[in-house]
C-alpha cells in the first residue's frame, strides 16, 4: 500500500523522511524529489528540524519524466530496491502518481510519499487531491498555528497579502517565508499583520 504523510509547513515531514531513511540499508531504497524544489538547494533535500543534514535524491524529476522508465533503468543496476521515498509529492504530476502505484502493484515496491497539504493561498494541491482519491493510508502530521497556537491546517507566505500582492518585507536569505496557520487566523490576516514577521 502506498503511504502518504502530509501536513503543513514545519510539521516534520522531511524530518520523518530522514528517520525512515536512517532505518534502511542504502541499496534498498530510492529517493525521488522534484527538480523544481531541490535545484534551489544544490540538489539536496533539507529539513528545518535537522540542521546540517541533507539527502541527495537518487532521481530529481521534471514534470516530463517517467518514474517507471527511470525506475527500470535503476533496477537494471540494483536489483535490491525495495522502497521508494518521494518528497514534495505535491509537485509530482498525476502521471507520476500513477507510476508510483504501478511500482507497488507490478513490482511489489513499497512507496512512501511526503508532501504539503495546502498552498499558501489555502487551496488544495491538485496532485494531492488526486493522490488522496487513490490512497487509504494517510497520516497527517500536526503543527501549531504561528498566530494563535491552535492546530494549523494551512500555510501562508509572509511576503504576500491575501490579495496575492507582494508586500515589502525584508526577508534575508535562509529566513522562513512560509508559515503554518489555522483557517481562522488565515481569514483575519491583513497587510498590517504580515509586518509582524
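Every residue gets a Cβ built from N, Cα and C, even glycine.
Curation does not apply to TrEMBL; its annotations are automatic.
Among the features that TrEMBL reports, active site, proton acceptor is placed at 88. DSSP classifies residue 88 (active site, proton acceptor) as coil under the three-state reduction. The number of other CB atoms found within 10 A of the CB of residue 88 (active site, proton acceptor), across every protein chain shown, is 21.
For 120, 178, the entry in TrEMBL reads substrate binding site. Same-chain residues at least 6 positions away in sequence with a Cβ under 8 Å from that of residue 178 (substrate binding site) are, in sequence order, 9, 120, 155, 156, 157, 158.
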